[in-house]
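Step one of this worksheet: look at the structure below.
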Amino acid sequence: MKDMPLRIHVLLGLAITTLVQAVDKKVDCPRLCTCEIRPWFTPRSIYMEASTVDCNDLGLLTFPARLPANTQILLLQTNNIAKIEYSTDFPVNLTGLDLSQNNLSSVTNINVKKMPQLLSVYLEENKLTELPEKCLSELSNLQELYINHNLLSTISPGAFIGLHNLLRLHLNSNRLQMINSKWFDALPNLEILMIGENPIIRIKDMNFKPLINLRSLVIAGINLTEIPDNALVGLENLESISFYDNRLIKVPHVALQKVVNLKFLDLNKNPINRIRRGDFSNMLHLKELGINNMPELISIDSLAVDNLPDLRKIEATNNPRLSYIHPNAFFRLPKLESLMLNSNALSALYHGTIESLPNLKEISIHSNPIRCDCVIRWMNMNKTNIRFMEPDSLFCVDPPEFQGQNVRQVHFRDMMEICLPLIAPESFPSNLNVEAGSYVSFHCRATAEPQPEIYWITPSGQKLLPNTLTDKFYVHSEGTLDINGVTPKEGGLYTCIATNLVGADLKSVMIKVDGSFPQDNNGSLNIKIRDIQANSVLVSWKASSKILKSSVKWTAFVKTENSHAAQSARIPSDVKVYNLTHLNPSTEYKICIDIPTIYQKNRKKCVNVTTKGLHPDQKEYEKNNTTTLMACLGGLLGIIGVICLISCLSPEMNCDGGHSYVRNYLQKPTFALGELYPPLINLWEAGKEKSTSLKVKATVIGLPTNMS
């Protein structure tokens, strides 16, 4: 009982002390501000609960005169503070200071000598124009400095002296026009540098060499057109780099090869037109690759992504012109799990592309104009366990009979095993005006089974095969045509032709040089009959092909009193010989060639020719053949009739089913009519590019009355 008064006095003393501290705390907290304990993450991402004074968005004109002594985080964002005066009352434990969105115009107006424990300083969206020498040297413990979205145009070489513990530096969205490697001499421990969205003219070799511990570099939105080969030398610990939203026209593969520990690469939103062979190769630690939102990207070529043993994900989405991925584009990627190819212009994806990725688990190819034919049959043949992402958004665009259907619902047996080449319409423009002396490239790619061969035809009719190199032209093995030093003589129509054993496709581009075509020379057109047989005529022609459109059309008309038959084909302008077949013996034909020009004029010429008559031995041979053929057909029909009769008599079979079978059998020819004629005939009868044609017409003038 004697201890009871003592206990009461102790408890009363504690209560009074707590009350006094609470009153002091309330008195110390600046007017209108909020003072409380809040969660906070240090620059090292360590969680802590910090004493926070929140004075954001209060319209303050000056720095608070008095703060609680235990303040660790001070938030002064969105005020009108223009200067921080020296004070002896700065909290000694202040580690975070946010002065974003104020009126600070000079770092010299920020007196921070009494804040040695600061770890993070935010000066975003102020009016700072320069960083003079040693301007923040008192902040020896500073780890984060945000000066983005200011008006910085000048940074002195020694501006960051004293900040040897700095880990993160944000300088993006200022007015810097160059990067000085001397800035970084005082920052040996810097891990993250963001310097994008500045009007930097160029990056120089060794620009970042002092940053030996840098792990992340963001150089986004500064209109870079190239990266020097040695620009990234010295960044041995760099793991992530972003060149987002620049003007790179090709992958800076030489510079990237020198970042040996790179894991994440962002090249999104650059006008790169091709991912070429070796662009991403032998990058042993790369895990993720981003090539999204590239407005000019057309193709990913053979072995473009090769020997990346740790790569897990490729994102190549929202590229409006990406229409071709080579079957061997992705090679030696043993750990690739995710392939994102949605929202491009892909009509197909080769099975070989998928087969080369042994660990692939998911693929996204929806929102592409898929052509449901031979190339994508594999998707529905149950030959893969890969998960298709958003399969309900995967639709056929061609052919017409499958248009609008879900790709995964079209049975693979309904798709042909081989198919015509298709050159993507996005490959290159139909018309282009260039300046004399300029350099241009046209990227022609086509999908088909079997894989097509690609070549080009010049306005002069010259045929340029892959790997052809001349003074003016170079055709890459993938189908790209380079024209060097364009002159008015190189103006005219250039045609890319993709062909395989099924047929061909072509796409042309009309080039004007300084807004005009080559001068019209009113060239002539000559026709020559080179060979005449009973059932064929070999015709050749010679024209001033400089002014020809680079496609031709041949039409043969056969007239009798009661019949009219026509055959047609269109072939490249480099072909000046054509064999008219399936003609009648001893028949006079009128063969006409009609050539439209780039000046919308026509060259037309006709010749008359009579096919040879049949030799008596040939007549007898044909007669015997006809008799034999009729006998075979009669026998075949007899066998079919017996089968039908047996089918009708059988109680287990339906007679109507037999009739249906015969009817279907007779309606389906056992061979394609296209096999009787050159492959281009059926292709061009559909009327594609009818305006760019050369017509060869053969019309019957006299038909013999006695063929025996």
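Glycine is no exception: its Cβ is also placed from the backbone N, Cα and C atoms.
Per Swiss-Prot, Cys444 makes its disulfide bond with Cys496 among Cys372, Cys374, Cys496.
Long-range contacts of the repeat 'LRR 10' (285-304) within its own chain (CB-CB distance under 8 A, at least 6 residues past either end) are made by residues 239, 249, 260-279, 310-331, 424, 426-428, 443, 445, 478. Residue counts for the domain 'LRRCT' (368-421) by DSSP state, with H, G and I taken as helix and E and B as strand, are 19 helix, 12 strand, 23 coil. For the repeat 'LRR 5' (165-186), the mean pLDDT of the prediction comes to 96.
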